[in-house]
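Chemist: According to Swiss-Prot, the chlorophyll b 1 binding site annotation covers Phe56, on the basis of similarity to another entry. Summarising the annotation, Swiss-Prot assigns chlorophyll a 1 binding site to Trp78, Ser84, Glu97, Arg217. The feature chlorophyll a 2 binding site is assigned by Swiss-Prot to His100, with similarity to another entry given as support. The feature chlorophyll b 2 binding site is assigned by Swiss-Prot to Arg102, Val151, Leu180. Here Swiss-Prot flags Gln135, Leu145, Glu212 as chlorophyll a 3 binding site, drawing on similarity to another entry. Swiss-Prot lists Ser155, Glu171 with the feature chlorophyll b 3 binding site. Per Swiss-Prot, the feature chlorophyll b 5 binding site maps to Gln163, Phe260. Residues or ranges marked as chlorophyll b 4 binding site by Swiss-Prot: Gln163, Arg174. For Lys211, Gln229, the entry in Swiss-Prot reads chlorophyll a 5 binding site. Annotation comment: Swiss-Prot describes Asn215 as chlorophyll a 4 binding site, evidence class similarity to another entry. Summarising the annotation, Swiss-Prot assigns chlorophyll a 6 binding site to His244, Ala253 and lists similarity to another entry as the type of evidence. Feature annotation from Swiss-Prot assigns N2-acetylarginine to Arg37. Positions annotated as phosphothreonine by Swiss-Prot: Thr39. Feature annotation from Swiss-Prot assigns transit peptide to 1-36. What Swiss-Prot lists as transmembrane segment is 98-118, 150-170, 218-238.
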Amino acid sequence: MAASAIQSSAFAGQTALKQRDELVRKVGVSDGRFSMRRTVKAVPQSIWYGADRPKFLGPFSEQTPSYLTGEFPGDYGWDTAGLSADPETFAKNRELEVIHSRWAMLGALGCIFPELLSKNGVQFGEAVWFKAGAQIFSEGGLDYLGNPNLVHAQSILAIWATQVVLMGLIEGYRVGGGPLGEGLDPLYPGGAFDPLGLADDPEAFAELKVKEIKNGRLAMFSMFGFFVQAIVTGKGPIENLADHIADPVANNAWAFATNFVPGK
């Protein structure tokens with residue numbers, strides 16, 4: 001009787017351990033706390049992923065490196081300099097690219113939209129992106145959207161300190177995995193950051209990742225172009241575009257490059 005009870009107890013213990021291990025395997029565990037994770041396919045069934053994805057090898061690469069397998073969005077198999085050969089460096093660079101892509105998309109919109117509004121009769125102070133911030137050095141200071149009732153800034157140091165604090169909090173929140181370090185993906189956290197549920201379908205989510213990184217790369221090049229335009233022409237992107245349309249021969253990259261004199 002005692003032997004039967006011991007055997008039953010041992011069997012029950014093994015069953016409980018198996019159930020616990022299965023639960024941990026399904027939902028994950030971090031620092032002694034269980035955290036739910038969305039289950040997704042390892043390689044999405046999309047033309048943009050896998051060995052048969054579209055590739056661009058560039059002029060100096062004969063074949064796709066073995067470490068670029070098409071697992072991640074935006075992988076066209078091009079890495080002539082071998083920047084992604086080390087897995088840790090690759091992971092870090094992917095994170096930096098996605099974050100900078102998002103900032104560039106927001107920045108490009110911020111460079112274009114105020115100038116468009118100004119061209120259509122909306123008055124809110126300086127519309128050219130690289131001139132707007134300089135208003136803080138004027139006697140009247142800087143009014144956000146031209147409205148002194150919103151944010152009236154007169155100290156560049158105060159703006160800098162506020163920026164550091166706010167961005168530090170946001171970046172800490174992201175790197176920490178969400179509120180109280182709940183184990184959210186630092187690049188694609190979902191949840192409250194996806195109120196429309198765009199990532200609920202894994203296949204649609206995989207496609208959106210590709211669209212995001214492609215548009216983000218384009219935005220980074222656009223921002224670089226805006227910087228160069230500001231230095232060379234002293235005008236915003238919309239005004240430069242209007243000048244080019246009005247007189248393409250006199251207003252183009254080649255004409256400005258051949259006539260550009262630094263400091264003038």
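Placement of Cβ uses the backbone N, Cα and C atoms for every residue, glycine included.
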Chemist: Look at each of the binding-site residues, His100, Arg102, Arg174, Lys211, His244, and point out the one with the fewest other Cβ atoms around it within 10 Å.
Modeler: Lys211
Chemist: I want to check the contact list for Glu212 (chlorophyll a 3 binding site): same chain, sequence separation of six or more, C-beta distance under 8 angstroms. What comes out?
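Modeler: Residues satisfying the criterion: Pro73, Val98, Ser101, Arg102.
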Chemist: Short question: which residues 6 or more past the ends of the transmembrane segment (98-118) have a Cβ under 8 Å from it?
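Modeler: Residues packing against the transmembrane segment (98-118) from afar: 124, 127-129, 132, 187, 212-213, 215-217, 219-220, 222-223, 226, 236-239.
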Chemist: Whole-number Å distance between the CA of Gln229 (chlorophyll a 5 binding site) and the CA of Ser84 (chlorophyll a 1 binding site)?
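Modeler: Their Cα atoms are separated by 32 Å.
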Chemist: Of these binding-site residues, Glu97, Glu171, which scores lowest on Cβ atoms within 10 Å?
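Modeler: Counting other Cβ atoms within 10 Å of each of the binding-site residues Glu97, Glu171 gives the minimum at Glu171.
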Chemist: Which of these binding-site residues is closest to Phe260 (chlorophyll b 5 binding site) if you go by CA atoms: Gln135, Glu171, Ala253?
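Modeler: Going through Gln135, Glu171, Ala253 one by one, the Cα closest to that of Phe260 (chlorophyll b 5 binding site) is Ala253.
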Chemist: Of Phe56, His100, Asn215, which is closest to Ala253 (chlorophyll a 6 binding site) if I measure between C-alpha atoms? They're all binding-site residues.
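Modeler: Looking at Cα distances from Ala253 (chlorophyll a 6 binding site), the smallest one goes to Asn215.
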Chemist: Among Gln135, Ser155, Asn215, Gln229, the binding-site residues in question, whose Cβ has the most other Cβ atoms within 10 Å in this structure?
Modeler: Gln229
Chemist: List, in sequence order, those binding-site residues among Gln135, Glu171, Arg217, His244 whose Cα sits within 10 Å of the Cα of Phe56 (chlorophyll b 1 binding site).
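Modeler: Among Gln135, Glu171, Arg217, His244, not one has a Cα sitting within 10 Å of that of Phe56 (chlorophyll b 1 binding site).
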Chemist: When you measure from the Cβ of Trp78 (chlorophyll a 1 binding site), which residues in the chain that are at least 6 apart have a Cβ under 8 Å away?
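Modeler: Trp78 (chlorophyll a 1 binding site) has long-range Cβ partners Lys55, Phe56, Leu57, Gly58, Ser61.
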Chemist: Express the distance between the Cα positions of Glu171 (chlorophyll b 3 binding site) and Val151 (chlorophyll b 2 binding site) as a whole number of Å.
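Modeler: It is 23 Å, counting Cα to Cα.
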Chemist: Hey, what's the Cβ neighbour count for Phe56 (chlorophyll b 1 binding site) at 10 Å?
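Modeler: So the Cβ neighbour count for Phe56 (chlorophyll b 1 binding site) comes to 9.
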Chemist: Arg217 (chlorophyll a 1 binding site) to the residue listed as 'chlorophyll a 2 binding site': how many Å between their Cα atoms?
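Modeler: About 9 Å separate the Cα atoms of these two residues.
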